[in-house]
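Student: Handing you this structure, nothing more for now.
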């Protein structure tokens, strides 16, 4: 940003001094807005077009409702409604893992922050270390392990590994160790609350925001997970939507010429599949934008 | 890891003292489920992969045989170089662009505009995994792309021309940047907010220009965050899988299905039924990821107080 070295009279684009500096910044920002936004806008429009319209027409004019419903028909007719099955699997895996994650990580974060016990430090350090291992790094080792005990192919082989969510524990730990009024907990104990009651009656209601935050992160991450279910589920009967997309891709003649046939999928239907596959996450993102952003920032800071 | 031990555990405990032994037992009760998951899906897999990596298919100790076999595979070093090249392109783009964009967006004083920009940058994060790759298959396919003229201008007339292996590091970097950069921009933005207004004001009074403020004050104060971003991205990037996997499928093998290390490990396990070899590759990837994490924890200083 080559602004001149004159002092800015507190402009609206604060600080970027001078007219030409501001113009440059505006251009750079515009380029990036186009880069980030155009693919999404185009994708939404593509679902309303016919295969012909997609390749010949102006990319940014919408098609028609007729084409949209034709695309939907083609997509949901694919392999007798496989898409619906995959979506329901996605929901089952993501929500199942979400529940286990919450049951496991909220009490754990609470105990790590507020109760002294011997293995506490070890667990905390391990949490920090595993939190930094990329998700995918453990997928093949987990496959090898689950293969040894014969669990491959069962929904549990996806749900349980997803449920291990050290980042959620870390967030909860941060929250409880920084913003939980300890006097309140002590008072409850003096009043005769058992430890479990202190947790369920006092700590948990106060921690609603962090519970929601962990739930959002866990849901989004699980919904989008590809490698884990791809490896754990050998047959398409158990696929979630993300993995199901590969079956659709394999049946799209534009990307796989050998697939032309009665079960083939045209590009606009594939675009629709992409939209459908992210719809729940997109909704979650839009509804809880501020909230997620605050959490992401908190997850990085130490406080 | 003693460094973490000392620094990462700042506040807790000291003030809370529920009756000793009982609390101890409760503590274990509260962490039980999580500890179990950690054991089964964090520690045991690593140990089991370690066991497989150092034994042969009859379970006998094999020394480094699996590792040398894997490293001697003609596909191994190309895969290493593919991943390394991709990481290089991606990291440079990430550091330069994310930092610059965060500083610029932070400088915007019009509230709704700043907020809208962050949302636009952040939203693609909703499309992760296979969905984002699929979207970019469209964008990169000249027959359907919204940026057809641009692709033609660059001399690409068909999808296969776009995804020749030489272009892939850039292609994957673009996909990863599109999906992930927004989240980091938001994090950097938050970090910039934490820089005291009086520091910036003082610099301005002393006659520093915006560029000087960005370079001399904001950038150094973002350093910790940039190193955090680098190491997380570096560690995650070593695990490249879904992008080349889908591209291999969509390009009719113009992109090989053993392009990345994780794909190669997958091939070992599922095409060759060589779990020992797969375990060896996984271990190598894990060691790299862990080593990078260790660098981050000890050098990045993110868990230090203050």
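Backbone N, Cα and C atoms are what each Cβ position is placed from, and that goes for glycine too.
Note that the structure is a prediction, hence the values are computed from the model and not measured.
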Student: May I ask you to indicate which of A:53-75, A:122-144 is given in TrEMBL as transmembrane segment?
Tutor: A:122-144
Student: Transmembrane segment per TrEMBL: which of the ranges A:91-115, A:241-265 is that?
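Tutor: Among A:91-115, A:241-265, the range TrEMBL annotates as transmembrane segment is A:91-115.
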Student: Of the stretches A:21-45, A:156-177, A:198-219, which racks up the most C-beta pairs under 8 Å with the transmembrane segment (A:91-115)?
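Tutor: Maximum Cβ contact count belongs to A:156-177.
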